[in-house]
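Visitor: The structure is given below, and queries will be raised subsequently.
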Amino acid sequence: MRLGGPWAWLLGLPTAVVYGSLALFVSVLHNVFLLYYVDTFVSVYKIDKAAFWVGETVFLLWNSLNDPLFGWLSDRQFLSSQPRSGAGLSSRAVVLARVRALGWHGPLLALSFLAFWVPWAPAGLQFLLCLCLYDGFLTLVDLHHHALLADLALSAHDRTHLNFYCSLFSAAGSLSVFASYAFWNKEDFSSFRAFCLALATGSGLGFVGAARLLRRRVEAAGREPGCPAMAVNDGLCEEELLVGGEEAGSITLGQYLQQLARHRNFLWFVGMDLVQVFHCHFNSNFFPLFLEHLLSDHISLSTGSFLLGISYVAPHLNNLYFLPLCRRWGVYAVVRGLFLLKLGLSLLMLLAGPDHPGLLCLFIASNRVFTEGTCKLLTLVVTDLVDEDLVLNHRKQAASALLFGMVALVTKPGQTFAPLLGTWLLCFYTGHDLFQQHPPAPVGSAQPWPEPPAPPPAQAPPLRQGCFYLLVLVPIACALLQLFTWSQFTLHGRRLHMVKAQRQSLSRAQTLDVKMV
């Protein structure tokens, strides 16, 4: 009876809460990983410089390829539009398969996270293996989690409801960044290891528990009429035929890529999202540099650390306000408004100049918060593209994970372009090469190796001016490009309603076919 009470309470949680909690179990690990993995291998394990760059290069290639690879392996059976013979799968069975995958891959993600903080191999080899293992399991978790957003719900209202809880739990998970400051000590690493062990244990158990709850909810939805157990999708009540096997009706990777090349809205979206990913990582890479050269004389070190920490939490809290707006006005209108806001704030900052510390501080923080927040909203747009892809190509089932993987394949180069283009622009404008001096290190991180001393003070004014123009002109250029590409995107308004209606009618038609057979 003692166990029955809490378990009964957990079973009574809404599906959206259980789904959103998965974002918590990822966020508590990933934010700590981003903040400390370089410092750990450089300052604690003393990794060799050549081994560090070899590991980062291999990681860059693996990080770019694993999204479409795992998406293809997961969803290739869903691509055929031709009827085939074989064992049937229902829409509910697809969701159950994704939930089971999360139940396995989530704990493995937690184990791969733990592998960073205990030396168990030569530093270079451990660095390479840990990065590839961690990113592989993180990709699997992200793909199936995002795919569930498209599979559990069809209407925009229900999807924003699910995304609302993802933002709420992601904000809670970001608090692990603040807690980590109390345990981080390069001289005595044992307390930080214990902290990471506690995070990994909680995350792994959370994945197992959440996957079990979701599985019971989906299974109950198939047994009970009207789907009372599922709060967000009536479609899971239906037994939609999805046949397996590798018969002649299957689609090859080349044919799928041709279909994507004809998917006009997909092409415009990934063009816009490439710029968005670039801008997000540009802000992350140069946030400490802007604080150092534009605000170091006006704010304390603790204030700068607080701004850095709050920038991890604020985008998720910000989305709690924007998601209700998405329900009312649509994601397209809200994203367009955010692009206009980015352009307007950047133009105002350009006109004001670099001599207003308060305004600069507000702009640097808001620029990062709004940009990161926009990235979170774009997940909803990808789910709409999943619907349109299913309708345009008459698929038997939505290839959700595969489409998310293809979006990541096209947009991830923005992560690489951000630091390269930013440092090149700064060097071109000011003659200042960041690699020729010790750049300011973010809180909780460190640059791998000491560099020669900074240039003489006479170069400081041009560098400060260069940082300011980089800060305001990059958002202006990004906003203009995004407003143009977003204006070409037509999956909103009447067209979006038509796609939703056609997907619902396809689902009902498939259900009738199965019942007639």
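A Cβ is built for glycine as well, from the same backbone N, Cα and C atoms used for every other residue.
Fair warning: this is a prediction, and the values are worked out from it, not measured in the lab.
Dumping what Swiss-Prot says about this protein:
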- 1-11: topological domain 'Extracellular' (TOPO_DOM)
- 44-55: topological domain 'Cytoplasmic' (TOPO_DOM)
- 75-100: topological domain 'Extracellular' (TOPO_DOM)
- 119-126: topological domain 'Cytoplasmic' (TOPO_DOM)
- 152-155: topological domain 'Extracellular' (TOPO_DOM)
- 180-191: topological domain 'Cytoplasmic' (TOPO_DOM)
- 224-264: topological domain 'Extracellular' (TOPO_DOM)
- 293-305: topological domain 'Cytoplasmic' (TOPO_DOM)
- 326-330: topological domain 'Extracellular' (TOPO_DOM)
- 351-358: topological domain 'Cytoplasmic' (TOPO_DOM)
- 394-402: topological domain 'Extracellular' (TOPO_DOM)
- 430-466: topological domain 'Cytoplasmic' (TOPO_DOM)
- 486-517: topological domain 'Extracellular' (TOPO_DOM)
- 12-43: transmembrane segment (TRANSMEM)
- 56-74: transmembrane segment (TRANSMEM)
- 101-118: transmembrane segment (TRANSMEM)
- 127-151: transmembrane segment (TRANSMEM)
- 156-179: transmembrane segment (TRANSMEM)
- 192-223: transmembrane segment (TRANSMEM)
- 265-292: transmembrane segment (TRANSMEM)
- 306-325: transmembrane segment (TRANSMEM)
- 331-350: transmembrane segment (TRANSMEM)
- 359-393: transmembrane segment (TRANSMEM)
- 403-429: transmembrane segment (TRANSMEM)
- 467-485: transmembrane segment (TRANSMEM)
Visitor: Can you name the far-off residues of the same chain, 6+ from the ends of the topological domain 'Cytoplasmic' (180-191), with a Cβ under 8 Å from a Cβ of it?
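Guide: Residues 32, 35-36, 39, 43-44, 117, 309, 443-444 contact the topological domain 'Cytoplasmic' (180-191) from elsewhere in the chain.
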Visitor: Across the topological domain 'Cytoplasmic' (119-126), what are the DSSP residue counts per state (helix, strand, coil)?
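Guide: Output for the topological domain 'Cytoplasmic' (119-126) reads 4 helix, 0 strand, 4 coil.
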Visitor: Over the topological domain 'Cytoplasmic' (293-305), what does the predicted model average in pLDDT?
Guide: 72
Visitor: Would you kindly list the residues that approach the topological domain 'Cytoplasmic' (119-126) from elsewhere in its chain, counting only those six or more residues past its ends and only Cβ-Cβ distances under 8 Å?
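Guide: Answer is 41, 45-48, 50-52, 54-55.
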Visitor: Which residues, given as numbers and ranges, are at least 6 beyond the ends of the transmembrane segment (467-485) yet have a Cβ under 8 Å from it?
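Guide: The answer is 268, 271-272, 275-276, 278-279, 282, 286, 289-290, 293-294, 336, 339-340, 342-343, 345-347, 349-350, 353-354, 363-364, 367, 371, 422, 425-426, 429.
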Visitor: Among 12-43, 56-74, 156-179, 331-350, which stretch has the most Cβ pairs under 8 Å to the transmembrane segment (306-325)?
Guide: 156-179
Visitor: Taking residues 6+ outside the transmembrane segment (127-151), which of them lie with a CB under 8 Å of any CB in it?
Guide: 19, 22-23, 26, 30, 33, 37, 41, 45, 47, 51-52, 54-56, 58-59, 62-63, 66-67, 70-71, 74-75, 91, 94-95, 98-99, 101-102, 105-106, 108-109, 112-113, 115-116, 121, 159, 162-163, 233, 379-380, 382-383, 386-387, 398, 400-401, 404-405
Visitor: Same chain only, please: residues at least 6 beyond the ends of the transmembrane segment (56-74) with a C-beta under 8 Å from a C-beta of the stretch. Say none if there are none.
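Guide: For the transmembrane segment (56-74), the far contacts come to 101, 128, 131-132, 135-136, 139-140, 143-144, 147, 253, 399, 401-406, 408-409, 412-413, 416.
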Visitor: Could you pull out which residues elsewhere in the chain have a CB under 8 Å from any CB of the transmembrane segment (265-292), counting only those six or more residues past its ends?
Guide: 299, 304, 307-308, 311, 364, 367-368, 371-372, 374-375, 378, 381-382, 385, 388-389, 403, 407, 410-415, 417-419, 421-422, 434, 439-442, 467, 470-471, 474-475, 478, 481-482, 485-486, 488-491
